[in-house]
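As written in Swiss-Prot, here are the features:
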| type | residues | note |
| --- | --- | --- |
| ACT_SITE | 84 | active site, nucleophile |
| BINDING | 44, 45, 84, 302, 303 | Ca(2+) binding site |
| BINDING | 137, 162, 251 | substrate binding site |
| CARBOHYD | 117 | N-linked glycosylation site |
| CARBOHYD | 215 | N-linked glycosylation site |
| CARBOHYD | 356 | N-linked glycosylation site |
| CARBOHYD | 497 | N-linked glycosylation site |
| MOD_RES | 84 | 3-oxoalanine (Cys) |
């Protein structure tokens, strides 16, 4: 109890005009040059085809494309799940949802979050002497000890969950459109079933709500400012740092940008991509001007585009899941089709990561945890097993193919949440359950069980259009190995130290800075 009180007390101490916990940035610089810094940037609902370096039709990612030319681009990189909370939990633990307990999204009223017996990447690096910060969306529990300040992050600035989970006065663009927060004593204007609640979206700095509702139009620039301030302060101190930037882009609602250089004539989605790219460019520029030689920057996404948002959703590129679209529904976010989990990914570290390299290694967001831990000269937590692996050899251009096998869990489209219903085995992909998420036209594909899995050869069929013939030699050669690797991982999980998330809901835990005001309004700090 005393430790908890101390953490709460320290989290509110102010330095240089913005809140920081009482982190000793001024410890001796003896670690400088010995341990690398890490900046991990995670986009939200960004499609594989939204990166210009991946897909020539995209023209709005100049900074990311430049990063690709200055580093390594991964074209077979996968989120660990196809929706928000499970993907983020796997990034921070290196473990699938069946191990870490997070198999579906947390709500505004969620009592729990990422189970407290799971060790986060931030906690490991904090113990190794790192200063740790998160800027952006958390979505792994906001109540009590689930808050990021108690999960290894010294500094937090951001929103506790997706920005469509609370109203704002700057609602931006959504499909269907959503109203602004109610004003004064007026009745609720939230009549759309798909729109957020009338409780305003909060913006946190550490444990304090500093703005409710948050201004979505200026949020990206605030993130850029806080991220660059954190990098400057940490680099000046001589201590190594971990900065995790979890962007609001490209999740809906798309903001009305306030950046003065915003281009005209682009689509709403293209303008959002441009703003996101500008934000990433500001962070990279700060790294380049302060800690370039000793900082590893990793950019990727949490899952594929949210197709039901129609023109406000991104591009899956060539990964169109054509077999599923013929059945109905979307093969993107929430599904185990390639469009749901194959995401853009870039690595940048001058002098360490080779320049202008395209890697076809099979990699995953799960690999971030063990790779960063290894590069930080830290140790993996004991008493548990990990699904990610250290991929340093791939990053540094040495010979290593990455994973031979990946497992894709159900993220809401079909089957039981978290169930490993799809197996990637080298070039092959086997589906034991298929189903589409809600598409722009409102359709959802039927949930279909496949005792004999559908198997696609992704090298020949990136669109996942035509499965192998069940009686053919190629299918018969692959099937036994698919069955074996799936049985092996399920047995491994059964023998592991696994966790269970608390998905209990209670309206009293809803973040609210002023319960006496409609929509929980309070003044911005």
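In case you wondered, yes, glycine gets a Cβ from its N, Cα and C as well.
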Going by Cα-Cα distance, pick out whichever of the recorded positions 45, 84, 137, 251 is nearest to residue 356 (N-linked glycosylation site).
-> 45
Using a 10 angstroms cut-off on Cβ to Cβ distances, just flag whichever of 137, 215, 302 is the loneliest among these recorded positions.
-> 215
Within 10 Å of residue 302 (Ca(2+) binding site), Cα to Cα, which of the recorded positions 84, 137, 162, 215 are there?
-> 84
Can you tell which of 44, 45 has the most other C-beta atoms within 10 Å, given these are the binding-site residues?
-> 45
Given the recorded positions 84, 117, which one is most crowded in terms of C-beta atoms within 10 angstroms?
-> 84
Per residue, counting other C-beta atoms within 10 angstroms of the C-beta, which of the recorded positions 162, 303, 497 reaches the highest number?
-> 303
Is any of the glycosylation sites 117, 215, 497 within 10 Å of residue 44 (Ca(2+) binding site) (Cα-Cα), and if so, which, in sequence order?
-> none
When the Cα of residue 303 (Ca(2+) binding site) is compared with the Cα of each of the recorded positions 84, 117, 137, 215, 251, which one is closest?
-> 84
Other same-chain residues whose Cβ falls within 8 Å of the Cβ centroid of 137, 162, 251, the recorded substrate site, in sequence order | 44, 45, 84, 139, 159, 161, 163, 164, 165, 248
According to DSSP, residue 303 (Ca(2+) binding site) sits in coil
Out of 84, 215, 251, which of these recorded positions is nearest residue 117 (N-linked glycosylation site) by C-alpha distance?
-> 84
Other C-beta atoms that fall within 10 angstroms of the C-beta of residue 251 (substrate binding site) | 23
Cβ within 8 Å of the Ca(2+) site's Cβ centroid: which residues qualify beyond 44, 45, 84, 302, 303?
-> 42, 43, 46, 79, 83, 87, 251, 301, 333
Candidates 45, 84, 215, 497 (recorded positions) passing the 10 Å Cα cutoff around residue 162 (substrate binding site) are 84
Taking Cα atoms as reference points, rank the recorded positions 45, 84, 215, 497 by distance from residue 251 (substrate binding site) and give the first.
-> 45
What does DSSP call residue 497 (N-linked glycosylation site) in the simple three-state scheme?
-> coil
